[in-house]
């Protein structure tokens, strides 16, 4: 019993709060995964009473407008997170999400589908910016990496939900059940505490103490030392009012900015959004041994299971090793997939290896999920000091989705003009660049407090 003051009796409250917060990312995953089952329905005019039949160019806009809207979402987080708090900013994301799903249920014109998808992107961008911020601030350093990786695990849950339900229900019913997801998040998360970092930054010390007591499962006396450390760090970081220019005002902030921008760029360069948005179409065009819907469900299940690896190993193996292994694995998967499409597009008989597209993408998804998928936003949430965390996270997320928009929009154009094989090989080359970036520039943050990370960045 005497050791209780040094170690929490249980980390369960932190896991519970992180899980509840990241239920918002199920909403994001559902929004992003919706394109895969919805695209063939819209292009064939199925299940929508024949009111619209879209071309592949039009559906590429439907897919890419969500990343485009996501560019705006983090900007709103930058405006709201330091004013109403991390928790209430996260809950606010329910509003644009619900509006967009309701629009998709009732709209009957292409323009309104575009608008709905853009609004849904705003919610997605907000979630990706504020969820890592909240989780990074409520977690102890020894489990912060594991809790941060929950984001990818629950995003994947949203994808899998769409992959499993989408092919077997009508267009309208898919929008209805998808709209239930943000409601479930709001009900689950509303009673959880605000970030102690935010509360201390606003001068609400007693509320911060109560939040820390709940999160650590300890008494006021037992959390006092950690509360004092956090308060000192917040006071140090908040002496100057945060402005956007503060992101380049100190060496530490500047390094955090370019590392974050580089890391989110690396994540998008691997082509994950193009693969996941158009997975059903990719499998259909591959003439594989399984149908597009079935293959996509397999991918979703594998992605979910492999995302669960990271929370178990990240604090033992560290961020850098997992990211580097992820990059190498994705290069292999993309090169093999490109080789298959090269053979297929050049008339080679591939009847004996029709299992290869599924196997290649399964491998690609596994290595993406335990590395760049799970850790990118966890690391971004660790890098910025408290006084610039809102602006830094918002800028990083906006930049990520800006790149994601172009990759998602022009993937179908690249595949048409160059062929799927060259497209996947280009993604493999870009992924190699991402691995070099991690190896040369990204510091290890395993087991370090947020204050220690700032000391490393300011050296």
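Placement of Cβ uses the backbone N, Cα and C atoms for every residue, glycine included.
Whatever TrEMBL says is automated annotation, not expert-curated.
According to TrEMBL, the protein has these features:
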- 12-34: transmembrane segment (TRANSMEM)
- 17-446: domain 'Major facilitator superfamily (MFS) profile' (DOMAIN)
- 61-81: transmembrane segment (TRANSMEM)
- 88-106: transmembrane segment (TRANSMEM)
- 112-131: transmembrane segment (TRANSMEM)
- 143-161: transmembrane segment (TRANSMEM)
- 173-192: transmembrane segment (TRANSMEM)
- 256-277: transmembrane segment (TRANSMEM)
- 297-314: transmembrane segment (TRANSMEM)
- 321-343: transmembrane segment (TRANSMEM)
- 355-380: transmembrane segment (TRANSMEM)
- 392-412: transmembrane segment (TRANSMEM)
- 424-442: transmembrane segment (TRANSMEM)
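Highlighted: of the candidate stretches 61-81, 88-106, 297-314, 355-380, 424-442, 61-81 has the greatest count of Cβ pairs under 8 Å to the transmembrane segment (112-131). The stretch with the most CB contacts under 8 Å to the transmembrane segment (173-192), chosen from 12-34, 61-81, 143-161, 392-412, 424-442, is 12-34.
Looking at the domain 'Major facilitator superfamily (MFS) profile' (17-446) alone, the prediction's average pLDDT is 85. If you look at the transmembrane segment (256-277) against the transmembrane segment (88-106), you find fewer than three C-beta pairs under 8 angstroms, all six or more positions apart, and that falls short of contact. Residues 31-32, 35, 38-39, 42, 54, 88-89, 92-93, 113-114, 117-130, 133, 198, 273, 277-278, 390-391, 393-398, 400-402, 404-405, 408-409 of the same chain sit 6 or more residues outside the transmembrane segment (61-81) yet have a Cβ under 8 Å from a Cβ within it. Listed by sequence, the residues of this chain that lie at least six past the ends of the transmembrane segment (321-343) yet keep a Cβ under 8 A from its Cβ atoms are 266, 270-271, 286, 310, 313-314, 350, 353, 356-357, 360-361, 363-364, 366-368, 370-375, 419-425, 427-428, 431-432, 434-435, 438-439, 442. Looking at which of 88-106, 143-161, 355-380, 392-412, 424-442 has the most CB pairs under 8 Å to the transmembrane segment (12-34), the answer is the stretch 143-161. Taking every recorded stretch in 88-106, 297-314, 392-412, 424-442 and counting its Cβ pairs under 8 Å to the transmembrane segment (143-161), the highest total belongs to 297-314.
Beyond its flanks by at least six residues, the transmembrane segment (424-442) meets 259, 262-263, 265-267, 269-271, 274, 319-320, 323-324, 327-328, 330-331, 334-335, 337-338, 341, 372, 379, 414, 418 of its own chain at Cβ-Cβ distances under 8 Å. Taking Cβ pairs closer than 8 Å, the transmembrane segment (297-314) reaches residues 33, 145-147, 149-150, 152-153, 156-157, 159-160, 163-164, 279, 290, 322, 358, 361-362, 365-371, 373-375, 378, 446 in its own chain, all 6 or more past its ends.
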